[in-house]
Amino acid sequence: MLSRKIGIDHILKHIENKRVLMRVDFNVPLKEGKVKDPTRIQGSVPSIKKILEQNPKGLVLMSHLGRPDGNRVEKHSMKPVVPKLEELLGTKVTFLNDCVGKDVEEAVKSSRNGEIILLENLRFHPEEEGKYIDAAGNKVKADSKAVKEFRKSLTSLGDLFVNDAFGTAHRAHSSMVGVDHKIRAAGYLLKRELDYFSKALESPNRPFLVVLGGAKVKDKIQLIESMLDKVDEMIIGGGMAFTFLKKIHNIEIGNSLFDEEGYKIVDQLLEKAKAKNVKIHLPVDFLCGDSLEANANTRSFDLKSGIPAGWIGLDAGPKTMAENAEAVARANTIVWNGPQGRFEVDKFKVGSSDLLKHVATRTSQGATSIIGGGDTVNLVQQEKATQKVSHVSTGGGASLELLEGKVLPGVAYLTDIDQL
């Protein structure tokens, strides 16, 4: 499904003298009214430049920023994005202080040829997400008639639609699934995400290894279930490993994370792994702390000793690291979602950093490596390893839902190649 959707290269001949409406993900962090990290803006620059090369009548960009919950909140305005976007494109960008309505429609219609317009935050309107939070703090559903009008107004701002916002592809929001044009194409950033994930999930080079981390088993049940249908080996680390270890080996886990709900389903997951012939790797030794803080005292324990009361499992030990490295060395496709320990604290980051080093080495030897999920992406950026892996996903929630086997509304809505 993922590879059947049209991209910018399929629609180049349709762009000249047409106005392109493009959904981007410019949800960037701001500091004192300036863009703090432009990575997401940079991500869509190739798509924007390619569209501009085709001499469109104009290009209208729309995005959300932050969580204004359907209200106009000035600190979430898109306006600070303009100078950074102008700098990256080397050309002027016009900012409109709304995203729908008569004034916006008029301004777009009367804009000069080839003009780039950035609309105000889509989420200032309840109709974008289909809900808002009122003055009393209650969640309220948006009026369905108003949602239709909102979508109609957005649609009128272009002749064809390009979506480059992978980060919100798992949301059935108006700007993702409500723009009613025959041509609905993926931008380069979105297409790159889909190409990497479709290859890994539909036709991976084997052995296929998935590395999972995170705190709670119950949050990852669907992910584990889905990946057991696809992979050859699975590393389970991070906080959720202790729930597995307690169930399998009945060891003491001290004050380590324990997920009671997830505990009940461990047997079921292990049975499926056995039936599917998937080799599961769990920690065999651990670095523990007497607190979560940077100044925590540390001690090492293993499966034989268990973890005494007062100690928390916070990272993989050397034997576990060696076993994980061997699994990585065998793999030709690696998908990694979730760090192996409390990587925010340097002394508990070693297991994750070591694993990343081996993933980078294996990538340099020809394996495909995909990094997804906010924490793992942060780790890769901290270690300056972005260029050492095949692909760092820009969408935490979207990549997780893809791996869980879910259909992403924003992707499903794109035009199929055979419909063009």
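Cβ from N, Cα, C; glycine included.
Bear in mind that the values here come from a model prediction, so they are computed numbers and not experimental data.
Positions annotated as (2R)-3-phosphoglycerate binding site by Swiss-Prot, on the basis of similarity to another entry: VAL24, ASP25, PHE26, ASN27, ARG40, SER63, HIS64, GLY66, ARG67, LEU122, ARG123, HIS170, ARG171. ARG123 ((2R)-3-phosphoglycerate binding site) falls within a helical segment according to DSSP. Sequence-distant contacts (6 or more apart, same chain, Cβ under 8 Å) of ARG123 ((2R)-3-phosphoglycerate binding site) comprise HIS64, LEU65, GLY66, ARG67, PRO68, ASP69, GLY70, HIS76, GLU129.
Spatially close to GLY238 (ADP binding site) yet at least six residues away along the chain are LEU212, GLY213, GLY214, ALA215, GLY338, PRO339, GLN340, GLY341, judged by Cβ distances under 8 angstroms. According to Swiss-Prot, the feature ADP binding site maps to GLY214, GLY238, PHE343, an assignment based on similarity to another entry.
The feature CDP binding site is assigned by Swiss-Prot to GLY214, ASP219, GLY238, GLY338, PHE343. DSSP assigns GLY238 (ADP binding site) to coil in the three-state reduction, placing it in neither a helix nor a strand.
What Swiss-Prot records for ALA215, LYS220, GLY239, GLY313, GLU344, ASP375, THR376 is ATP binding site, and it gives similarity to another entry as the kind of evidence. Its own atom aside, the Cβ of GLY239 (ATP binding site) has 23 Cβ atoms within 10 angstroms in the protein chains shown.
Look at GLU344 (ATP binding site): DSSP puts it in coil. Positions annotated as AMP binding site by Swiss-Prot, on the basis of similarity to another entry: ALA215, LYS216, LYS220, GLY239, GLY313, GLU344.
The Mg(2+) binding site annotation in Swiss-Prot covers ALA215, ASP219, ASP375, and the record cites similarity to another entry as its basis. DSSP assigns ASP219 (CDP binding site) to a helix.
In sequence order, PHE343 are the binding-site residues from PHE26, ARG40, ARG171, LYS216, PHE343 with a C-alpha within 10 Å of the C-alpha of THR376 (ATP binding site). A separation of roughly 21 Å, to the nearest angstrom, links the Cα atoms of ASP375 (ATP binding site) and ARG171 ((2R)-3-phosphoglycerate binding site).
Look at the Cβ of each of the binding-site residues VAL24, ALA215 and count the other Cβ atoms within 10 Å; the largest number goes with VAL24. A separation of roughly 28 Å, to the nearest angstrom, links the Cα atoms of LYS220 (ATP binding site) and PHE26 ((2R)-3-phosphoglycerate binding site). The DSSP secondary structure for GLY313 (ATP binding site) is strand. Neighbour count (other Cβ atoms within 10 Å of the Cβ, all protein chains): 17 for ASP375 (ATP binding site). Here the Cα atom of PHE26 ((2R)-3-phosphoglycerate binding site) is found 30 Å from that of LYS216 (AMP binding site).
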